[in-house]
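Database features (TrEMBL):
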- 5-325: domain 'Adenosine deaminase' (DOMAIN)
- His10, His12, His190, Asp271: Zn(2+) binding site (BINDING)
- Glu193: active site, proton donor (ACT_SITE)
- His214: site 'Important for catalytic activity' (SITE)
- Asp272: substrate binding site (BINDING)
Amino acid sequence: MHTLPKAELHLHIEGTLEPELAFALAAKNRVELPYGSVEELRRQYDFEDLSSFLALYYATMAVLRDASDFEALTRAYLERAAAQGLRHVDVFFDPQAHTARGVPLGTVVDGIRAALDAARAEHGLTSTLLLCFLRDRPAAEAVELFDSLGDQLPRIDGIGLDSAEVGHPPALFEEVYARARAAGLHVVAHAGEEAGPEYVREALDVLRVERVDHGIQCLSDPELVDRLVAERVPLTVCPLSNVRLRVVDTLADHPVLDMLERGLLVTVNSDDPAYFGGYVGDVFQDLRDALGLTDEQAVALARNSVDASFAGTERKRAIHAEITAWEGR
Ligand code: HPA
Ligand code: ZN
């Protein structure tokens with residue numbers, strides 16, 4: 001499964017911060033982590049739900065201070081994912097989680113972009129960068145951030161919406177999404193991870209998203225499922241995340257293959273791989289072990305990931321050709 005060429009569409013770069021790098025950066029930047037060791041930090045990765053994960057996620061990313069930190073983080077992710085077959089990635093980042101700590105947006109983007117550019121030059125691994133707004137902060141702050149992007153705007157390929165979902169519905173962010181669409185950016189949003197199918201409908205109808213991140217709660221609404229199938233709306237499903245955040249009991253209970261067979265445009269992704277137990281190739285491998293994912297299903301998921309990505313037409317064609325070669329191996 002690691003050799004199958006694939007794209008990843010739901011990946012928070014801050015969620016790739018492994019404990020070893022967190023401690024190294026904490027020492028370099030003289031930031032105090034509230035844990036004594038890598039092992040103690042890793043022992044915290046027993047989450048009750050999305051909120052309990054987010055508390056640790058935001059606390060640990062405080063070790064990221066300068067551009068070289070963001071570059072090291074992004075490089076480490078790209079190296080691991082490339083070794084697991086990754087050919088293209090649409091990367092999320094959470095600017096408000098950094099600017100709120102006094103780290104300028106330009107510093108964050110400089111570091112991430114340097115690593116993305118290096119991976120393109122060195123490995124031919126292509127990417128886009130998607131700026132996520134934190135939905136549990138005021139919608140006015142998202143508008144303010146978007147309006148202040150200035151020189152950074154051309155370095156951003158799209159926007160997303162993440163953080164604590166329940167009680168923070170998509171429609172609150174109508175204005176900033178309208179502005180982003182008018183600026184020609186790609187638009188996606190997390191919806192239907194913990195909250196119900198009405199959040200998925202709002203993301204489609206009010207934010208007019210091109211893809212839905214997670215979206216698995218659509219399954220409780222058969223009419224919505226029919227619509228997602230008919231409109232070919234990509235869903236960026238994250239099976240290991242769903243298990244770790246207790247959205248689904250076990251991987252063996254995960255509906256991802258039923259969703260695929262039902263005709264949904266499903267992709268599989270790692271979300272926050274340092275926290276949830278694996279990178280994108282590991283997700284495929286775990287689905288094979290827990291659900292009997294076949295080579296045909298794996299290829300369908302990989303082809304969906306390419307089609308639903310924000311890679312250019314030529315790039316998509318090239319990755320599809322690599323998948324075809326993998327099938328005939
Ligand atoms: N859901 C919502 N917000 C997030 C996640 C997630 O899985 N990961 C990082 N921010
Ligand atoms: Zn996510």
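Each Cβ is built from the backbone N, Cα and C atoms, and glycine gets one as well.
Predicted, not measured: the structure shown is a model, and the values here were computed from it.
The structure, with features from TrEMBL marked on it.
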residue: His10; record: Zn(2+) binding site; CB count, 10 Å: 29
residue: His12; record: Zn(2+) binding site; CB count, 10 Å: 25
residue: His190; record: Zn(2+) binding site; CB count, 10 Å: 28
residue: Glu193; record: active site, proton donor; CB count, 10 Å: 24
residue: His214; record: site 'Important for catalytic activity'; CB count, 10 Å: 27
residue: Asp271; record: Zn(2+) binding site; CB count, 10 Å: 29
residue: Asp272; record: substrate binding site; CB count, 10 Å: 24
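For the pair formed by Asp271 (Zn(2+) binding site) and Glu193 (active site, proton donor), distance between Cα atoms is given as 12 Å, rounded to the nearest Å.
Each residue in Leu11, Gly15, Phe92, Gly160, Asp162, Asp213, His214, Thr236, Cys238, Ser241, Asn269, Asp272 lies on the same chain as His10, His12, His190, Asp271 and has a C-beta within 8 Å of the C-beta centroid of that Zn(2+) site, without being one of the site residues.
Selection of the recorded positions His10, His214, Asp271, Asp272 by a Cβ distance under 6 Å from ligand 1 yields, in sequence order, Asp271, Asp272.
Screening the recorded positions Glu193, His214, Asp272 for a C-beta under 6 A from any atom of ligand 2 leaves none.
Spacing of Asp272 (substrate binding site) relative to His12 (Zn(2+) binding site) is 6 Å (Cα to Cα, whole number). In this structure, Asp272 (substrate binding site) belongs to neither helix nor strand by DSSP; it is coil. Taking only the Cα positions, the spacing between His12 (Zn(2+) binding site) and His214 (site 'Important for catalytic activity') is 13 angstrom.
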